[in-house]
Amino acid sequence: MNGAVRAVVRMGIYVGAKVYFIHEGYQGMVDGGDYIKEATWESVSSVLQVGGTVIGSARCKEFRTHEGRLKAAHNLVHRRITYLCVIGGDGSLTGANLFREEWSDLLNELLEQGLIDEEAARSNSELHIVGMVGSIDNDFCGTDMTIGTDSALHRIIEVVDAIMTTAQSHQRTFVLEVMGRHCGYLALVSALACGADWVFIPEMPPEDGWEDNMCLKLSENRADKKRLNIIIVAEGAIDSHNKAITPDYIKDLVVSRLGFDTRVTILGHVQRGGTPSAFDRILASRMGVEAVLALLEASTNTPACVVSLVGNQAVRLPLMECVQMTQEVQKAMDEKKFDEAVRLRGRSFENNLSTYRLLASQTARSELPNSSFNVAVMNVGAPAAGMNAAVRSAVRVGITEGHKMFAVSDGFEGFYKGQVKEIKWGDVGGWTGQGGSLLGTKRTLPAKHLDEIAEQMRIHNINALLVIGGFEAYVGLLELSSARDKYAEFCVPMVMIPATVSNNIPGSDLSIGSDTALNAITDTCDRIKQSASGTKRRVFIIETMGGYCGYLATVGGLAAGADTVYIYEEPFDIRDLQANVEHLTQKMKTSIQRGLVLRNENCNENFTTDFIYQLYSEEGRGVFDCRKNILGHMQQGGAPSPFDRNFGTKVAAKAIQWITRTLKESYKQGRVFTNSEDTACLLGMRRRAMLFQPVVQLREETDFVHRIPKEQWWLKLRPLMKILAKYKTSYDVSDAGQLEHVTRGLDGVFPARSDDLCCASCSAPLQPEDGHDMCPPCLGVDHLREVLSDHACSNCSILPRAVRLAQLSSVEQPVASVQQDPLALGQGAASTKRSAEDSPLVSGRRAKRRGPLGLSTRVDQLSTELAQMKALLQSLRADGGRGETSPPEQGGSSQCEDDAISVAASGTFFRESFPELGSRTSGSGSGASQGGAGEPVSAAIKTALGRLQLDVPLAQHAPSSAFFRRRDAEAAFVIPPSAEYVQELHA
């Protein structure tokens, strides 16, 4: 929670708000006085690594009464507080929503009692509320993960790993009780993460006779020479008759029936304590900033919302919809509709449960599907924590699917040397919690050994290949797929799972192993900073791994509270170094005692760690001293984090299921043969979905020289990190969450769908950016026609007609004269003029690599999209008819043309910030020849429209998916720092 408190305070100060702490929760709001204090920047220094909450939390019976809420309203009005950020569970958030609904009546009552005057009532007439869910149980519907859950999983897995050593030594059975009175998430995920033999959760009561089945499984495991048994019980576990299942009952059962030496461990409040994990710190920081943005964008008609995480994307959901869904889960459980309760928990919970069922017990051979396919599994590249969990999951799911599984040792090097052997169910027992790669892994690429690898695939009759690894695995799969024309043996389904601490694989936001490395960096930074406690002011220079990818340095810096992070993707020079030193020197002259600077190992060949250390030491002389640390390969070692274990387990299971489907589709005339692009894929997380992407198509997204993707999502976190470190910068809100709805429908999505996305009507696959739960053809042209009118769809990328045309006219002006609302919504915020120094953060090296963002150079891309638009707009004549519309004339104008222009300006290729759209650039190509240098945005679009007269093939009358993507136009602006914030920095 402290990470969220820190982010809210510093982001609030950044935008010019006065931020207050309300200590002891609603009790402090009711009591007022010293419980409500103004927060400063320094108030939240050094709290990121502290567990619990520094502002306190308490249950308040008085707030449940009308009189208590009246006192709370008086205390808020007295301090002119009209924006409230609440961090808590569904009870706290429900109370906040009730408080907001009663706000007007409470003000009137205070006015009648003479406690406030009319001016106070008028200036505080609206109360805006946003919630962040803080709960270790992860029992709140609408989010994949709540703040605190990952840290609780860390505590559980640490205990389980410690128990496993003694249990294995003494051949014992351990029964562990974890928290989860109404939700079994902690028990389920920890069972997945440690490979537990049995798990009891409230949402999945065991069937009658479970005692016999459990004892039979435990005895079979012992017969297979397994020396320990782990049983995990959620504290709210029940049987099918709503009778509680307790750890003591399970212990007595095992002892009486099997005679096994059994122990019970109840973790209790250990799960709530300890240092927050890296994931929780990053989640809390992102959610805190998102909460401030949601508050500032709130209007009278905006419902109270809760900030949630879906996949890797922040979303905003109506608070009461989430609360209602959460209450429906309990209602379904009370009515013994357990399947319905699991479904209501969300797609993430469902996938965890189905994956555990696949891996928990071995299916009898007679019940296995009839399959004659051989599937090989291998690790390639540097070892990463979580690889073994992925291999275990792949082997066991493959055996469950009826395949014969083969393990390849030492990557492609072992493959061509013939180090291939069959691997059985029991061979991967206990692999989940072990770091490194038990199969062995090498960086060798296959290009020089294709003949030998093809021979080994022929000898062992390998019908499919699963590659788990880093950038070498990606390049190796590209080489194998490119050789399909020459080698028929490679014409089989092949899929890669990213596993590297560097997280530098294109096509995936996250990689197996990166979370463990981040926790290693965060823990080390915490200890290093603590080493200076009580001494004089000190700055630490720390070097991280990652090659040319700055993910570990940036995200690790965000989690550890770094002051500066140097990476390759954001070039810097000696002037930047000098500015950073001066900035840190000024901070050190205040109450700040310690500084933290992270450097990616390949960020700059000249500005080495030693150089930066010497520079800071010299320039900070008399103010602070310096120390340097190179973390090295400790970032690759250690036991996998719960996230990496769970992530590796689930993605490997999904990959094997894809292999099974693809094998069946490509099995013809007695053999497997497929050479299409979509059968050599990379399985990765993109925003809110797990997607299979052909590796050939990812080639264009890759910088092979530096072994990084050309576009990396985490670069958007860097302004956030700088703001939290008190730098003057602009915050890009293009990735900010949009208000969605929990229920499925034409104009809403179910946000917990973080895995397979498909059309609710025809089951066609959807993209993670799609704003609907139906595909464009099913939505139909009628929906587009409705959207193009002033009746906009909240989930489409197309804005209302009046807004589109107004924005289009505003970007005709030069950049320097564009007046913008800092929140791009105009909700009571003063307009501010952008300056060059307030522009969005753009990497210089990336800009050089991609070239200028001129509109003229994009005419070719735009023409294709507008060709589809022309077909759609044929029915949108100015008179409202549905007849044919002639192509737009180059110099003319019509409603049809204006709609096409304005749609294009808010569509796929033009969702960058509007100042860039309005910039005057000299392009090239056919568009440039007609429009010339300096053409504004509409000229470029009209040029593309004009080309539609030149035999450009029209698309079918089906809506282009580009225009049914989630609306980003409101978030296309950046938020500059407030004047007060800048003045404080200058002071």
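Numbers run from 1 along the shown chain.
Just so it is clear, glycine is given a Cβ too, placed from its N, Cα and C backbone atoms.
Remember, TrEMBL labels are computer predictions, not curated facts.
Annotation source TrEMBL lists region 'N-terminal catalytic PFK domain 1' at 1-361.
Summarising the annotation, TrEMBL assigns domain 'Phosphofructokinase' to 1-294 (among others).
Same-chain residues at least 6 positions away in sequence with a Cβ under 8 Å from that of Gly89 (ATP binding site) are, in sequence order, Val133, Gly134, Ser135, Asp139, Phe140. Sequence annotations record features per position, and here TrEMBL assigns ATP binding site to Arg59, Cys60, Gly89, Asp90, Gly91, Ser92.
Feature annotation from TrEMBL assigns Mg(2+) binding site to Asp90. The Cβ of Asp90 (ATP binding site) has 22 other Cβ atoms within 10 Å, all protein chains considered.
Using a 10 Å radius centred on the Cβ of Arg263 (substrate binding site) and all shown protein chains, the other Cβ atoms total 15. Marked as substrate binding site by TrEMBL: Ser135, Ile136, Asp137, Arg172, Met179, Gly180, Arg181, Glu235, Arg263, His269, Val270, Gln271, Arg272.
The feature active site, proton acceptor is assigned by TrEMBL to Asp137. The Cβ of Asp137 (substrate binding site) has Thr146, Thr149, Met179, Gly180, Arg181, His182, Cys183, Tyr185, Leu186 as same-chain neighbours under 8 Å, each 6 or more residues away in sequence.
Taken from TrEMBL, the feature region 'C-terminal regulatory PFK domain 2' applies to 374-987.
If you look up TrEMBL, you'll see 374-659 (among others) marked as domain 'Phosphofructokinase'.
Annotation comment: TrEMBL describes Arg443, 500-504, Arg538, 545-547, Glu601, Arg627, 633-636, Arg707 as beta-D-fructose 2,6-bisphosphate binding site. Note on Ser502 (beta-D-fructose 2,6-bisphosphate binding site): other Cβ atoms within 10 Å of its Cβ, all shown chains, come to 29.
Annotated region 'Disordered' per TrEMBL: 816-860 (among others), in sequence order.
Per TrEMBL, the feature region 'Disordered' maps to 878-897 (among others).
Positions annotated as region 'Disordered' by TrEMBL: 914-935 (among others).
Per TrEMBL, compositional bias 'Gly residues' is recorded for 924-934.
Counting every protein chain shown, the number of other Cβ atoms lying within 10 Å of the Cβ of Met179 (substrate binding site) is 22. Of all Cβ atoms in the protein chains displayed, 20 besides its own lie within 10 Å of the Cβ of Ser135 (substrate binding site). Report note: the ATP site is defined by Arg59, Cys60, Gly89, Asp90, Gly91, Ser92, and the residues of the same chain whose CB lies within 8 Å of the CB centroid of those residues, excluding them, are Gly88, Leu93, Thr94, Gly95. Ser502 (beta-D-fructose 2,6-bisphosphate binding site) has Val270 as its nearest neighbour among the binding-site residues Gly91, Ser92, Val270, going by CA to CA distance.
Cβ packing within 10 Å was compared across the binding-site residues Arg538, His633, and the lowest neighbour count falls to His633. In this structure, of the binding-site residues Gly91, Gly547, the smallest number of CB atoms within 10 A of the CB marks Gly91. Cα spacing between Asp90 (ATP binding site) and Gln636 (beta-D-fructose 2,6-bisphosphate binding site): 38 Å, rounded to the nearest whole number.
Counted within 10 Å of its Cβ, the other Cβ atoms near Arg443 (beta-D-fructose 2,6-bisphosphate binding site) come to 16, all protein chains included. Taking a C-beta cut-off of under 8 Å and a sequence gap of six or more, Arg59 (ATP binding site) has these contacts in its own chain: Gly25, Gln27.
Separating the Cα atoms of His633 (beta-D-fructose 2,6-bisphosphate binding site) and Val270 (substrate binding site) is a whole-number distance of 30 Å. When each of the binding-site residues Arg181, Arg272 is scored by how many other Cβ atoms sit within 10 Å of its Cβ, Arg181 comes out lowest.
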